[in-house]
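This report concerns only the one structure given below.
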Amino acid sequence: MFSNLEFFLIEALRSFRRGALMSVVSVVTITVALVIFGIFLLSVINLGNIVGMVSSKMDIAAYVDKDLSLETAGALQLEFSKIPGVEKVDFISRAEAWRDFKKELGSQLDLAAVIGENPLPHTFNVKVRTPDLLAQVAKKISEDKSVTEVRYSGKLISQIKSLVDAVRIGGAALVILISFATLLIVVNTIRLTVLARETDIYIMKLVGATNAFVKWPFIIEGVLIGVLGGLSSFLILKIAYDAVSFRLALALPFLPMVRDHFLLAVVYIVMIVGGTALGMLGAYISVSRVLKAEF
Amino acid sequence: MIELINVSKTYANGMDVLLNINLHIGKEEFVFIVGPSGAGKTTLMRLLYREEAPSSGKVIVDRVNVAELDTEQIPYLRRNIGVVFQDYKLLPKRTVFENVAFALRVTGAPRSTIRRKAMQSLELVGMLRRANAFPDELSGGEKQRSCIARAIVNNPPILLADEPTGNLDPTTSWDILQLLEKINKRNTTVLVATHNKNVVDDMKKRVVALESGRIIRDQQLGSYNV
């Protein structure tokens, strides 16, 4: 088996070099497909990241009666925190709110002199675990009779979320489509290199080579093509992504892109492994088809 | 060694190439298959190494009916049959030695065995001197010798030669036939399909004549014509 492996490797390299143009075309095909594939993965990851960030800043503001006693408020805070999906409930008394409000306006205006007494209600700030639960939790809170008003930006969140879902589903469909198209192109490209070696295959079969023996050099060649395609797509994507995310971080600091995340490593590994798999599968399918049809 | 029983071969287009062939070839025989082009000589040979399967009948090679062989078993049949072609079918980008070694490589033989057997084979056909030449650099006779070296490198009990002298001048043809006879004397059954009248008449071997897919004559110490 060891001497066979050596033979397979030598044959694969020989074929790769002999069909240099075809090999380059196959490598480029895989590279292009994987770059498109990677762009989608990175987009989905970043959109997910943005949604996570935005929704973590989203909470429900519940306003209650001015006259509510602090004890009742404490009870209410406990009650709200027991609603399923609620992560945290902060109570801001009307006195606190008034103080903050005045501080914000600063010395520009002596508000107390204009308005007189504090007009603000007590407020509960309710954080929920996931944006999906916003509406449900808000409804539950508004059912309490001491609550006068409930506010949250549910619409925006659900819009962003459905956008991300659409990108995810569309992206997944596109990724499958691109993988399939790439596979077809790779199969046909490698098929040409297989057909160029028809005589070799015929002789191999004639002197008693098994099909597996004939296939191995081609599969190794396919792996070689795939690894090269995977590596170059990884390099292209990494360099481009790092440049874009760096510039975007400067231009739009409030919208940071994912950096140094383990998901990025996953995407890059998927590129290289995916390229290898594409090359190998492409070679396997094409050599099997030629063997079946011709010999 | 070889036995054909009621073998017929009809192609998909309805053309009958072989009709009810019955033929027995013993161990270590030397047999000429003669007949005009299209008589079915090549098809008969291709049935033996399962390049084609018969439409009906049995093709028995070394006690095995190769007509019923599974695809996976065909390679092992072929390691026991050497084949020589009119157009040599040498791999152009490889040296003579590499071409011969190739036939051993695909059987998974260890490297030391490959070298020893390939050298022996090349010596037998008188091509040791030219072992490092490429097929382009060889004469027709040398190419055919290389092809024969490859065919016998696995020591097959059977050697098939399909028009081995088709592209060669009379003197070279004679040399090639002498070589085939030498291989036959080394306990190999040899079948030669040819329409080279001169060599058949000179060799005085068993002659099986085909015409339109039928055996019309089977004669010991025969000649090309009756």
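Quick reminder: no glycine exception, Cβ is built from N, Cα and C everywhere.
Unlike curated records, TrEMBL annotations are generated automatically.
Straight from TrEMBL, the features:
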TRANSMEM  A:20-48  transmembrane segment
DOMAIN    A:59-150  domain 'FtsX extracellular'
TRANSMEM  A:169-196  transmembrane segment
DOMAIN    A:174-294  domain 'ABC3 transporter permease C-terminal'
TRANSMEM  A:216-241  transmembrane segment
TRANSMEM  A:262-285  transmembrane segment
Sequence-remote partners of the transmembrane segment (A:169-196) [C-beta within less than 8 Å, at least six residues beyond its ends]: 15, 18-19, 22-23, 25-26, 29-30, 33-34, 36-37, 40-41, 43-44, 218, 221-222, 225, 274, 278-279, 281-283, 285-287, 289-290
Beyond the flanks of the transmembrane segment (A:262-285) by at least 6 residues, Cβ under 8 Å: 26, 30-31, 33-34, 37-38, 41-42, 45, 179, 182-183, 186-187, 189-190, 215, 218-219, 221-231, 233-234, 237-238, 241
Segment confidence, the domain 'FtsX extracellular' (A:59-150), expressed as mean pLDDT: 79
For the domain 'ABC3 transporter permease C-terminal' (A:174-294), the number of residues DSSP places in helix, strand and coil: 106 helix, 0 strand, 15 coil
